[in-house]
Structure formats: structure tokens, C-alpha cells
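Asker: Dumping the structure here so I can ask a few things about it.
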Amino acid sequence: MAELSLESVQEDYTRDGTVDLKGNPVLRSKRGGWTACSFLVVYEVFERIAFNGIASNLVRYLTRELHQGTVTSANNVTNWVGTMWLSPIIGAYVADAYLGRYWTFMIGSIIYILGMLLLTLAVSVPSLKPPACKNNTNAGIYFNCKETSPLHLGIFFLSLYILAIGNGGCKANISTIGADQFDAFDQKERARKHSFFNWWLFSVFFGNLIAATVLVYIQDNVGWAVGYALCTFGLMLAVIIFVIGTPFYRHKLPVGSPFTKMAKVLVAALRKRTVPLPSDTKELYELSLTAQVETKQFQIKATDSLRCLNKAAVRIPGKNSPWELCTVTQVEETKQMLKMLPILVSTFVPSMMLAQVNTLFVKQGMTLNRRIGAHFQIPPASLQAFGIISMLISIVIYDRLGVPFLRKFTKIPRGISILQRIGIGQVLYIVTAAVAAMTEHHRLRVAREHGVVGTGATVPLTIFILLPQFVIMGIADAFMDPARFEFFYDQAPEGMKSLGTSYNFTSLGIGNFLSSLLLSIVSHLTKRNGGKGWILNNLNESRLDYYYTFFMALNCLNFVFLIVVSKNFVYKAEVSETETGH
């Protein structure tokens with residue numbers, strides 16, 4: 001039998017500080033890699049079915065069952081979805097600073113399931129929901145409705161926001177747990193991490209597709225109780241699958257929150273704002289190479305950008321506390337996160353546009369002829385499936401044909417830079433808004449011609465006239481969504497990847513809240529001085545075409561802002577040689 005040297009034994013252990021749940025070092029051959037990630041990918045499919053099973057058709061439930069108007073129902077959806085996307089920031093902080101990703105995820109899962117169970121009860125038990133309206137126009141207008149009591153609203157929204165709190169512990173950590181399964185110090189495993197993220201995005205899209213077709217149909221035609229019960233079952237199955245994979249996972253111990261690290265740099269630089277910087281950056285404070293290896297840290301050299309922050313690393317006798325002296329690496333990590341903020345801001349308006357898919361786009365569909373044949377009616381929210389399919393097809397075409405073709409001219413491995421891909425997505429959002437405005441203008445004209453404006457009756461147009469705006473939105477998402485996720489993860493320093501992931505959540509969360517704010521402001525302002533208003537409960541009397549035109553103008557201004565901030569952005573050193581374009 002061949003001897004097993006100490007060096008070969010050590011080589012089989014991961015070098016990025018990952019451990020098992022007991023804190024012991026792990027063998028690369030025993031844990032992590034694709035074996036572990038297969039459980040996470042399957043989990044994400046079922047979790048997405050559960051989440052989107054609620055989100056994609058929520059505006060219809062609020063309208064039909066809780067008797068809410070257009071603005072109120074749309075804002076309640078975007079406020080809740082915004083909370084769902086912002087709560088992971090808190091989950092990431094708890095994981096990094098205290099509990100670690102695994103246990104934060106498990107606690108979040110329990111809360112998530114409790115919220116789903118309560119939500120299922122809220123839509124199932126007759127005493128927990130208001131009585132149905134006596135008649136309606138079948139186009140989203142309901143008459144003779146009893147006012148929904150505070151008890152009914154309270155239970156329903158309490159369950160939604162309990163669900164959102166639990167989601168914060170799950171969504172913040174599940175993708176980073178996946179990234180932890182690949183050793184950052186091993187070249188082969190780092191390459192496999194990119195493949196994991198591709199499959200991860202596929203699982204997200206596949207789960208969304210099932211939710212927008214099967215679950216939405218069940219909710220509209222079988223019943224909300226059955227539809228929501230299936231969402232709950234899907235989530236419980238997802239968590240069970242995750243737990244089964246526990247023996248295969250690698251874990252990273254809590255090392256402190258990136259927010260705290262950044263705060264220390266800002267405070268230290270502020271305290272030493274009057275201290276001169278040394279002419280040689282080598283005089284700034286940094287850990288020894290031995291200490292960096294022991295703590296599994298990547299060293300970053302000092303740069304001249306945001307030089308004022310370099311003062312946090314200036315040595316002063318007697319000023320050695322973590323809030324007075326920071327390493328150069330810590331300073332540069334903070335700089336990199338701050339430099340991404342303008343790009344983050346430029347993604348808010350596209351996220352606002354994306355919020356319309358679950359709200360106003362669905363409300364439009366409720367006013368149109370949804371029949372296919374004599375007996376089948378397509379649920380309004382199911383048109384989202386066409387957007388998801390167009391996104392998947394576009395990603396495959398871009399990856400297999402677009403990237404190799406563009407690479408010949410740009411010499412960039414990705415074909416074009418990440419910011420250029422984001423820019424193409426934003427241009428397509430402008431096109432989406434323009435198409436939505438023209439489609440709505442046509443719908444309103446037909447409503448007037450057939451005398452259904454005041455009655456709110458169904459407009460004699462097929463629901464498939466909305467298909468172009470869903471399809472173009474899907475193509476836009478194919479450029480925007482992967483690029484936004486990749487940009488914030490890739491450009492974040494190694495020690496702050498979780499915060500980079502949080503930037504992606506922040507974009508979607510703030511975008512939804514801004515959508516609520518904008519809808520309320522436009523609704524209020526257009527009713528002033530005797531105005532009829534652009535957004536009414538009866539969409540046949542509304543002017544959504546004006547609203548979408550305003551969105552188009554807003555997206556145009558945002559695109560100009562993206563161009564300006566992109567010109568000044570410098571990519572991280574690892575990719576700066578290839579990502580020369582902006």
C-alpha cells in the first residue's frame with residue numbers, strides 16, 4: 001500500500017476555512033461540491049414555486065376576495081414583495097455576525113413555514129375572510145361588496161409579513177451556502193462555482209414557471225385554499241430536501257458582519273480626517289502574510305481611489321482599537337462596496353418596472369377576454385409564464401450564440417462587459433414601457449367603441465394583446481437579472497460576498513417600494529383640481545397609457561444616469577484587464 005504523506009492529507013482539506021457543523025475541518029472529497037449543491041438547487045425550485053405561487057397572483061386575491069381597489073391592491077403587493085426582498089439584508093447580518101448561515105437559514109425556514117400555514121388558514125376558514133361580493137363584471141370590478149373587517153385584513157397581512165420575516169433568514173443565505181461548497185483557494189472548484197450559479201438561476205426560473213402556470217390556474221379555478229395549501233406543501237418539501245443534504249454541506253463560521261467592517265473604516269477615517277497620509281502606501285497598516293493565511297483572507301493592495309478612506313489605515317501610537325485602525329484590505333473592501341452604490345441606484349427604476357408584472361399587467365389582463373375555446377379561461381397572471389419562457393430562451397441564445405460572436409470583436413470573455421449587458425436590459429425596459437403604453441391606448445379605444453367604459457365590463461379583445469409586453473420584459477430580464485446578480489456578487493470583495501448579494505436584494509426591494517410610492521403620488525396628483533385621475537378601480541376609465549408613457553420617460557432618464565456612472569466605474573483588479581468596456 002502506498003504511503004499517505006502529511007502533505008497529501010492536508011491538500012485534501014479545504015483551504016478556505018470551511019468546517020462541518022461541529023466546527024471540524026472538512027475533506028474536499030467528503031463534503032461540498034455538486035453533491036451538496038444538488039440539494040440546494042432542488043430546494044430553490046420548490047421554494048420559488050411557493051413564493052411565486054403567492055406573489056404572482058396576489059393582486060387578484062386582494063381584488064376579488066379582500067375587495068381592494070387598483071391602487072390599494074397594487075401597493076399592498078409591491079410593499080410586501082419589497083419587504084420580501086429587503087428582509088434578507090437582516091438575515092445576512094444575523095448569519096455573518098452571530099449564528100452562521102446554516103442555523104440562520106433553519107430558524108428562518110421555521111418562521112417561513114409558520115407564515116405559510118397561517119396564510120393558508122386565512123384563505124380557507126370562512127370566518128377569517130370576508131363574504132364574497134354578490135355580483136361582478138368578471139373584469140375586475142366588483143359590486144355589492146361588504147367592507148373587509150380589520151380582523152380579516154389583520155390576519156391576512158400578519159401571515160404575509162411573518163412569511164416575509166422567515167424569508168429573510170432563508171433567501172439571504174441559501175445562495176451563499178451554495179457558494180461555500182466550492183473552495184475559493186482551489187482553481188477547479190472556483191470554476192465550478194460559475195456553473196452552480198447558472199443552474200441556480202435555472203432553478204429560479206423553472207420554479208417561477210410552474211407557479212405562474214399550474215398554481216395560478218388552481219387558485220383561479222379550483223380554489224385559493226387548495227392553491228395556497230400546495231404552496232405551503234411545496235415550501236415544507238423544499239426545507240425537508242435541504243435538511244436531507246446536511247451531511248454533505250461545508251459551513252463557514254461567523255466572522256462578523258460586513259456592515260460592521262465598513263462602519264469601522266468610516267469611523268476610523270473620520271476620526272483621523274486631519275492626519276496626513278504617508279507618501280508610501282506600504283507604511284499603512286496591514287496584517288502580515290502569515291496572519292492572512294491563518295485567517296483565510298485575500299490581501300488587497302492600497303489604491304488611490306477614495307484616498308480619504310486610506311486614513312483609516314494610518315498608524316498612530318496608542319490608537320489601535322478596531323474603530324481607530326483598520327487594515328488596508330479592510331479599507332479597500334469598503335471602497336469597492338461604496339463604488340458600487342451608484343450602479344445600485346441605477347437599478348432601482350428597472351426594478352420598479354419589473355414590479356408592474358405582478359400588479360398592473362395582471363389587472364389589465366382581468367379586463368380582457370381570457371377564453372380559449374368554449375370551456376377554458378387563461379388566468380391573467382399566467383401570462384407571466386410567457387415572459388419566463390422568453391427569458392429562458394433568450395439566456396440560452398445569448399450564452400450559446402451571442403457571447404461567442406461578440407467575443408471575437410471585443411476580446412472580452414463574457415462577450416460584453418457586465419455593465420453593457422445591464423445597459424441593454426435597461427434599453428429593453430424602455431421598449432417594454434413603450435409597447436405597454438401603445439397596447440393600453442388600443443385597449444381603451446376599443447373599450448370606448450364598444451361602450452364598456454362606464455360599466456367596467458370585459459373589453460372584447462383577447463388577453464394575448466398583452467403578450468408582447470410580457471415577452472419583451474422577459475428578454476429584458478434575460479440581460480438584466482443575471483448581469484445584476486453577477487455584477488454585485490463578482491465585484492464584491494471576497495470578504496463581503498454576502499453584502500454583494502444583499503445589494504441585489506436591495507435593488508429589487510427598494511424598486512418595489514418606489515413603485516408603491518410612485519403609483520400613490522401619480523394617483524393623487526392626477527385627481528387634483530377636479531382631475532379624473534390616471535389610475536382608477538375601473539381600468540376602462542383609467543389612463544394607464546399615460547402612466548406607462550411616464551414610465552418610459554423615467555427609464556430613459558435612468559439609462560442616461562447609468563451611462564454616466566458606468567464611465568466612472570473601475571472594475572475589480574481580477575477582471576479589469578478583460579472588462580475594458582463599460
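Just so you know, glycine gets a Cβ as well, placed from its N, Cα and C.
Checked TrEMBL, it gives:
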TRANSMEM  102-125  transmembrane segment
TRANSMEM  197-218  transmembrane segment
TRANSMEM  224-244  transmembrane segment
TRANSMEM  381-398  transmembrane segment
TRANSMEM  418-439  transmembrane segment
TRANSMEM  459-480  transmembrane segment
TRANSMEM  501-526  transmembrane segment
TRANSMEM  546-565  transmembrane segment
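Describe the structural context of these features.
Answerer: Within its own chain, the transmembrane segment (197-218) is flanked in space by residues 37, 40-42, 44-53, 56-57, 175, 178-179, 226-227, 230-231, 379, 381-382, 384-385, 388-389, 391-392, 395, 481-482, 485-486, 489, which lie at least six positions past its ends and keep a Cβ under 8 Å from the stretch.
Same-chain residues lying 6+ beyond the ends of the transmembrane segment (224-244) with a Cβ under 8 Å from its Cβ atoms: 39-40, 42-47, 49-50, 53-54, 57, 61, 65, 105-106, 109, 112-113, 116-117, 119-120, 123-124, 174, 215-216, 218.
Only residues 6 or more beyond the boundaries of the transmembrane segment (501-526), in the same chain, are considered here, and those with a CB under 8 A from a CB of the stretch are 71, 74-75, 78-79, 81-86, 88-89, 92, 171-172, 175-176, 340, 344, 347-352, 354-356, 359, 484-485, 488-489, 492, 532-535, 543, 547, 550.
Tertiary neighbourhood of the transmembrane segment (546-565): same-chain residues 342-343, 345-346, 348-350, 352-353, 356, 360, 419, 422-423, 426-427, 429-430, 433-434, 436-437, 440, 522, 534-535, selected by CB-CB distance under 8 Å and a gap of 6+ residues from either end.
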Asker: Among 102-125, 418-439, 459-480, which stretch has the highest count of C-beta pairs below 8 Å with the transmembrane segment (381-398)?
Answerer: 459-480
